[in-house]
Amino acid sequence: MEEVPQGCPGTGSAQAGRGASCQGCPNQRLCASGAGAAPDPAIEEIKEKMKTVKHKILVLSGKGGVGKSTFSAHLAHGLAEDENTQVHQSGSGWSPVFVEDNLGVMSVGFLLSSPDDAVIWRGPKKNGMIKQFLRDVDWGEVDYLIVDTPPGTSDEHLSAVQYLSAAHIDGAVIITTPQEVSLQDVRKEINFCRKVKLPVIGVVENMSVFICPRCKKESQIFPPTTGGAEIMCQDLKIPLLGKVPLDPHIGKSCDKGQSFLTDAPDSPATLAYRSIIQRIQEFCGHHQPKEEHLIGS
Amino acid sequence: MEAAAEPGNLAGVRHIILVLSGKGGVGKSTISTELALALRHAGKKVGILDVDLCGPSIPRMLRAQGRAVHQCDSGWVPVFVDQEQSISLMSVGFLLESPDEAVVWRGPKKNALIKQFVSDVAWGQLDYLVVDTPPGTSDEHMATVEALRPYSPLGALVVTTPQAVSVGDVRRELTFCRKTGLQVVGVVENMSGFVCPHCAECTNVFSRGGGEELARLAGVPFLGSVPLDPELTRSLEEGRDFIRDFPNSPAFPALSSIAQKVLSQAPARLS
């Protein structure tokens, strides 16, 4: 992956190869020839690779720290509980890391040699990594590919959508917390989805309410001063998939690398998760045969 | 030794502090805002530079949404959030046509705007410039550190929450600070426990101890733990001055203490 100059106008730009900051860049000739404006061949390659992946779901939020990764992990665990969810590896390309027989993961975290290593990359290098993750990982026959994203509406999000553009993404699940400071970023994310024509499966309101483990009374740590996700979803005519309460055990399970759904099967948060997961499956047109695992809506 | 800073829009700024975290949603904007308010109450003139271009939270937190940015000979005039003009603010939030408008930019365009925010905003005379950042170690962070380098920032306040997942990301942010030569003023642990208003039981909602452990491992000062405080969250939602209005609320002592520690920092070099 070549380093790009700081003022890189972008390979798709009209100034590609022609800008002052292009001088000395190893790709200058390529960009100036107009090759950068042609569709990236990786998009077709990814389309081919993704033919064995039945459903692709992006987990997004404009806001950081709302629980995208927590939700992605537990959505994956929940879907993997169905033993019929299959994965078959054909043995070519990068191998995902299998955390269960039918649950594989790829992350830049696996490529770092120390927990202190920082990935200090500008946009173009990040885009290259994402392209490799989508094109060069051999997922095999997979029912669901869940794509966890960082907060925002920038390189990572544009690249994920762009590289999967020919491969059909089922849709995006958008995570928020109840307060307006989150919602204002999430509305931007929803606008991003509309701009890039990404269907929105629905919104999950995380950290909805806190239930004291001692007295069992409810408190709102993140108050929904403008009506929370419910009002936002009504305004924007988007489904609210569910609300997940704040349960201190969720964080603990995540820190231990375990599924909260199996650690605390009776928690209100688990019940909320299962209901949300079922709605996502229904959206994707896939029905669970083992109904007793799920709380019906 | 760096070349002397050109006299420019940061010439009148005495101390610059960046608020960073590898992790999203830990409270960078909260801490930036409360630090600014506390410094103001200590009689200082404060500016806030919000370089989170995708999720600019600070205007709302200071009840400044929808304000217009004016031009002067030296560039943009930052928005004053109070009548006394003791806190000024620049954010991409002020440049958007609507609050729901998404800034969907790749790195180079973000870098260009951040450079402008640093060099083309007429900050005037400030005791402190607090720089709020998005999570991570990417374009915005590199652009900000490079643009501010000639002005010798005091350093970085690094924010985490107690749990391992957060600390795991924030370790990488500390590496970023080391690699870019940014001094770490200290680690702040946010969302440290919640005291139930009904029965006073304290629950470690997001686990415990991570911030202190991180500071110890990295050999940087631990500035304190800020508990979860719905009054604080509500103040930020409504753009209220939490430091002035809620001195008896659970988060107040920790936030004041953090501000005191920042005030007592001797600058690495005089600007």
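Even glycines carry a Cβ here, placed using N, Cα and C.
Copied over from TrEMBL:
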- A:Cys8, A:Cys22, A:Cys25, A:Cys31: [4Fe-4S] cluster 1 binding site (BINDING)
- A:Gly62, A:Lys63, A:Gly64, A:Gly65, A:Val66, A:Gly67, A:Lys68, A:Ser69: ATP binding site (BINDING)
- A:Cys212, A:Cys215: [4Fe-4S] cluster 2 binding site (BINDING)
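Just so you know, the Cβ of A:Lys68 (ATP binding site) picks up 26 other Cβ atoms within 10 Å once every protein chain is counted. In this chain, none of the residues that are 6 or more apart from A:Cys215 ([4Fe-4S] cluster 2 binding site) has a CB less than 8 Å from its CB. In sequence order, the binding-site residues near chain B, meaning those of A:Cys25, A:Cys31, A:Gly62 whose CB lies under 8 Å from a CB of that chain, are A:Gly62.
Annotation for A:Gly64 (ATP binding site): same-chain Cβ neighbours under 8 Å, separated by at least 6 residues, are A:Pro150, A:Pro151, A:Gly152. With a cut-off of 8 Å between CB atoms and residues at least 6 apart in sequence, the same chain places A:Gly19, A:Ser21, A:Cys22, A:Cys25, A:Pro124 near A:Cys8 ([4Fe-4S] cluster 1 binding site), listed in sequence order.
With every protein chain in view, the residue among the binding-site residues A:Cys22, A:Cys25, A:Cys31, A:Val66, A:Cys212 whose Cβ has the most Cβ partners within 10 Å turns out to be A:Val66. Shown in sequence order, A:Pro151 are the residues of the chain, 6+ apart in sequence, with a C-beta less than 8 angstroms from the C-beta of A:Gly65 (ATP binding site). Taken residue by residue with DSSP, A:Lys68 (ATP binding site) is part of a helix. Measuring Cα to Cα from A:Cys212 ([4Fe-4S] cluster 2 binding site), none of the binding-site residues A:Gly62, A:Lys63, A:Val66, A:Gly67, A:Lys68, A:Ser69 fall within 10 Å. Taking CA atoms as the reference points, A:Gly67 (ATP binding site) and A:Cys31 ([4Fe-4S] cluster 1 binding site) are 39 Å apart.
Spacing of A:Lys63 (ATP binding site) relative to A:Cys31 ([4Fe-4S] cluster 1 binding site) is 34 Å (Cα to Cα, whole number).
A gap of 36 Å separates the Cα atoms of A:Ser69 (ATP binding site) and A:Cys31 ([4Fe-4S] cluster 1 binding site).
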